[in-house]
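Residues or ranges marked as region 'Disordered' in TrEMBL: 1-33. Under the heading transmembrane segment, TrEMBL lists 124-146, 182-204, 255-277, 289-312, 353-370, 390-415, 427-445, 465-486, 498-517, 529-547.
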Amino acid sequence: MAREDMDRGSSWIKETEGGSQTSGPSKGADMQVSVTLDEQQPLVGGQRADEEVLARWRGRWVFPAWLLVCFSTGPTYVMMRSFVPASLQTIAHELGHPKGHPAAHCRPRGDDCYIYVGGRDVQFTAYVLYMRALYTSIEGLIAIVLMGLADFSNYRKWLMTLSIVMYGALATPFVSQGSKTYGALILMSVLYCLMLCCNTIYTITEGSYIPVFMDMARLAAARDAASAKLGDGVEERTAGEPVNPMLRRGAKVSVLGLIMGNLGSIVAVLVGIIITYSRGKPQAEGYSAFLLTITIAGCATIVLGSVASLGIPAIHGSRFPFDPQENKLITICKFPFRRFMYILRDLTHYREAFKYVVAWVLWNIAYSNFMQLFQLSFRATLGSTADKEYFVWQLMTSVIACVGSLTWMAVFRHFSARRTLRAQTQLLKTCLYAMMAVGVVVNFWGSLGASSRVPIGFKHRWEFWFFQVIYVSTSSAIRSLNRVAYSAMLPAGRENQYFGLEIMLGLATGWSQSLLVSVIQDRTGNARFPYIPNTLLLIVSLGFYYWSDLSHGMLAAGKAELHRAAPQDAS
């Protein structure tokens, strides 16, 4: 593992990483790397410890248990992403009035609806976006604390389990909020905030298991190569030689994790469809069907998440670096912020990973903003009578997301088999550029609707269905690809902090973009204007993706080593 550059940090920070480290990669023209196991890595130790770790993580039920964890969060995630904002939008619409006519009621369709909040009128859809911008800033603080402390705990698994259980529990009170009053609006807004916070915690801890599975594939290949006498413990390989199954294993784990989450979402939405189509008129029953479905999804998350956590092995964290000159409580409180600054400095030594995480953060902000705008625009454009159709539309979103991820996994695993490291990374980048181009076109299409003289731009039913297919499928594949590529460039043994960094940077900067989108929609009353800055943001992120070099990033992290005869079952 490349660690020489990091030893330049302060002695206090050095202690947090656990002593002396192996030498970093050679920087010669042939780009050779020395392959050794990091003795301080929490996952591995001596040969016997390696075998014990491999036996535990390659157990029969470990990977299925992790997939069940991903499945368990799917129902509540789709509720938080789609149906909680829709419920808030419904209440705001019911309490709102046309601009300049406080005594009148809002029309069933259109954007001319304002609710009196905080001493002034706020456009009813912009209210939901304002809530999201506010809560995103809180999530950023949580991410800073979690990414600083989680890797020093032996309870990462239980932290993930607790966050999932709380995530589901926060969804259960929604069924009791049937009255469309300001009190219900405030309570649901608070629950929405808390759900977003729990989502941050489990997303960081759940995602940090992907590099662990990838490292297990790497260690298994190294063990098999050593037993076949292909190396003597330290191997010299160049970037032009065949790479290990780590990337292919990462693609499998990342994609299947997302697919299981989407399958959980599909099941939850199917339950909602059954509920809403078995009841009365949509304008009378659509809102109550939303609330009942949210509660059922929360209960499913609690039960399945609790059961799945029993099959996941614990990960031993590093010893916490208490300062003998400082009170322990003060050290714990200050440490996440010290750690955050260190991680930022540390990541500059992994420049390609840093450039990639910036691109990922910008893309994720644009993606999240688009999906929020797209879903709220669907209901504002088609009206409250389209609640039944909204359930089916959301079902298609989850199905298409599964298809997109599966298609990318199949394409990548087929064409990357037995290829060199550089060929694999080039294939990754080619897929990424093509799918990013689709996203730019879709956002530009939406921005065309900002003009009242243009008849297109998410103003018709067919546009919502057509662009849902091409945007959601490619975006789901990009999410899978990002997790694989970023995991491959992470320093081994510190997955929580670096996955936390990606999420934290997104939350720390995403609130400003969400606030900008909210202000634009609130001031203009036009739901298509926010697509303009979103299009520009996607173009900027595409530039950062182009700038990053995955091959160099893997070499810097010490993960580009390998052995010519990598076993296929390791992937």
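Count begins at 1; order follows the chain as displayed.
Just so it is clear, glycine is given a Cβ too, placed from its N, Cα and C backbone atoms.
Bear in mind that TrEMBL entries carry predicted annotations, made automatically and left uncurated.
Keep in mind that this is a model prediction, so the values were computed, not measured.
Between the transmembrane segment (498-517) and the transmembrane segment (427-445) there are fewer than 3 Cβ pairs closer than 8 Å, counting only residues 6 or more apart in sequence, so the two stretches are not in contact. Ranked by number of Cβ pairs under 8 Å to the transmembrane segment (529-547), the listed stretches 124-146, 182-204, 255-277, 353-370, 427-445 are led by 353-370.
Of the recorded ranges 182-204, 289-312, 353-370, 390-415, the transmembrane segment (255-277) has the largest number of C-beta contacts under 8 angstroms with 390-415. Of the Cβ pairs linking the transmembrane segment (465-486) with the transmembrane segment (353-370) and spaced 6 or more residues apart, 3 or more are under 8 Å, so the two regions touch. Among residues of the same chain six or more beyond the transmembrane segment (124-146), those with a C-beta under 8 A of the stretch's C-beta atoms are 85, 88-89, 92-93, 96, 106, 111, 113-115, 117, 189, 192-193, 196-197, 199-201, 204-205, 336-337, 340, 372-373, 376-377, 380, 496, 500, 503-504, 507-508, 510-512, 514-515, 517-519, 521-522, 527. Using a cut-off of 8 Å between Cβ atoms, the transmembrane segment (427-445) and the transmembrane segment (289-312) share fewer than three residue pairs, counting only pairs 6 or more apart in sequence. Among residues of the same chain six or more beyond the transmembrane segment (353-370), those with a C-beta under 8 A of the stretch's C-beta atoms are 347, 436, 439, 442-443, 446, 471, 475, 478-479, 482, 485-486, 489-490, 498, 501-502, 505-506, 509-510, 513-514, 517, 530-531, 534, 537-538, 540-545, 547-548, 550, 553, 556-557. Long-range contacts of the transmembrane segment (289-312) within the same chain: residues 61-62, 64-66, 68-69, 71-73, 75-76, 78-79, 83-84, 86-87, 90, 157-158, 160-161, 164-165, 167-175, 177-178, 209, 264, 267-269, 271-272, 275-276, 279, 387, 391, each at least 6 residues beyond the stretch ends and with a Cβ under 8 Å from a Cβ of the stretch.
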